[in-house]
Amino acid sequence: MDFYHRAGLILDALDNKKGSVKGLCMAEANKGRKVGEGARFLKVVIECLKYRPHIQHLLAATKLLAQEPTLFVPPSSTASVTNALKSGSAASANKALKTPKKHVKAAPTPDSLATVMLHDLLFAKRGLTLPKEHKVRKKLEKYKSALEKENEREKRRRKVGTNEGLQIPLPDKVASSLEGIGKGKKRAHDVDRFAEEGGSEGIIGEIRWMRVNTLRWSVEAAVEWFEKGGWEMFEEVEEMLAAAQSKPKVFALDAHIEPLLALPAAVSLPTISAYQDGRLLAQDKASCMPAWVLLTPALADAEDRAAARAAGEIGPDEDLPKRGKGLRVLDATAAPGNKTTMAAALIAGDEINGKVTACERDQGRFKVLKDMLKRADAKNVQPMNVDFLSLKPDDPKLKNVTHLLVDPSCSGSGIPSRLDHLIPSAPEAEQLARIKALSNFQMAIVSHALRFSGAVRVVYSTCSIWEQEDERVVMRVLAKKEFRDMGWRLAPRDEVMPTWERRGRVAACGGDETIADSVVRCLPEDGTNGFFVACFVKDENAPPIEAPAGADEAAPAVDDEAIDVDALAVEVEEGEAPAAPAAAAAAASAKSAPAQLKKGGKQGRKAKSGATMAARNAKSEVLGRAPAPPAAQVAAAAAAVVAKEADAAPKEGGAGSGPKKLSKKQLYLAKKEEMKRKKEAAATSGADE
């Protein structure tokens, strides 16, 4: 039953928009990390999602949940679930099922658990994977006949001849990827890798993109290996695709990114030994662009030095950095590791001898990252299970970081293989709010990267097609005087995939064609996933650039639960807090409390506590949730009082300078002000009635 419970929890997490199909399946599998568990979760969850509307119909038609009210409910759940099920309301039962106490494992809702178990009972070749004498299996077997009769009745009604006709269909590219995976234990390994490496990420339309892992191999050796195996090479991808209609073993070198190969989408990865041993990695072309753009100038310099060395213009060992002491790259959000390992490969040569610091805050994804590093043999990568936003830009240990990859969480709207079509869509207003919130988080994480003291080049990328997450984030960065004064600007087109035709949207760049020309956009019709890449470079000696026209108008408001309290605190610190009372208090508190905390003492700790509570209150307010507890409201008001007094105080260096402490009187005044506001609100409410 454990597997069914865990699969049910994945369905619940998908219902609550907690992640993607692949991400949640791999996260659950990583808890135990048994070989093949990721494969099994991914396969079962996808099948359950495809059959879910039909299974819900079967449950309603047979009234199974009402007739067996405790069958899909763990013993620790309350009687309210049983009562709801007896009334025949699955929705009420799901709502009534609360998360069990800490000492009890989390339980799936009855609807999700029933979906997983009925899928196996009716549609899986192996049937239910429970012992014949298991009480749940014995009870379900009693209803199998009625369920099968209703299943046949539904096929006649919908005029389909097979069970597959009752499914929500998968996109062709995803279906073909799963069909091309091996059998038995081999299938388990392959599906695990399918999920970890982005599933069908390497397949775009008719193309399967494969990156030569130059940590293990060379492009020349790869070409020779393919040709010896009977493969024919073409200079152009279009020529290769035309030849693939009659020849299965064809490939082409990519015109834009040197270590990238294009193969026909129909190629089965298990048949390619170089993929199995990590010499080849499945990676979409667009996903290769961030590392390529970040390191192109460094690669050009390395080639020039190598040529000069070969010509005898410089000594054999002159200016050669020691191993791992060369160029330093930091990947802010590294898992699953494709971009990380590509960056590691690009800077591994003797002329650069660089090192990558790879940050990943999620423990499950951190395991995936480490597996990928091992598979790619990326020994010049230092993985860190840490939140990038918690790193200090002026940390002496990070002073040598000059290049940063920033590929933060995004809507994923550019990836057609996310399987999101299997999950009911959120209302349009909710989706728009989420995009706006993600944009604010993206702004926060890019801003953090630009503050690293040694940084000279930062690449920002998303797999989104929405301008709120793409050009508008760039415009907001360029609008900030702090970054312009530091010397940050956009790298010109000749440093950012110069021969790539599709560039940014001019309208989203405030009508500035130069800015639009400096960034890269990708769409599926280009043979890639939807993607966006921008590169910021720092020139401290050049005069600051002017704020681009229309940049201030590009900043959207926050309105989404994807922003956690930590991220919100960063946004508040940036001056990007949402225009709401609690958020304003949080902004004031964020500015005042840290300084007071440095002074120490009880009042300083109170100020810090008030800032945290104000931030939480702001988050609740922005998300439209229930009002925060009175204590949090008082803390927010107190923070506002402190900020007001701090503004009136003499500036740093003057008489009486220094932060004011939060006194008892200030707390009292804040509480009094809050009580007054409540009375006025109550009076207004009474008058309206």
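Keep in mind that glycine also has a Cβ here, set from the backbone N, Cα and C atoms.
If you check TrEMBL, you get these features:
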ACT_SITE  CYS463  active site, nucleophile
COILED    133-164  coiled coil
COMPBIAS  599-608  compositional bias 'Basic residues'
COMPBIAS  631-643  compositional bias 'Low complexity'
DOMAIN    198-539  domain 'SAM-dependent MTase RsmB/NOP-type'
REGION    592-689  region 'Disordered'
Surrounding residues of the coiled coil (133-164) on its own chain - C-beta under 8 Å, 6+ positions past either end: 1, 54, 57-58, 61-62, 64, 68, 71, 117-118, 121-123
For the residue listed as 'active site, nucleophile': DSSP state (helix, strand, coil): coil
Reported mean pLDDT - the coiled coil (133-164): 91
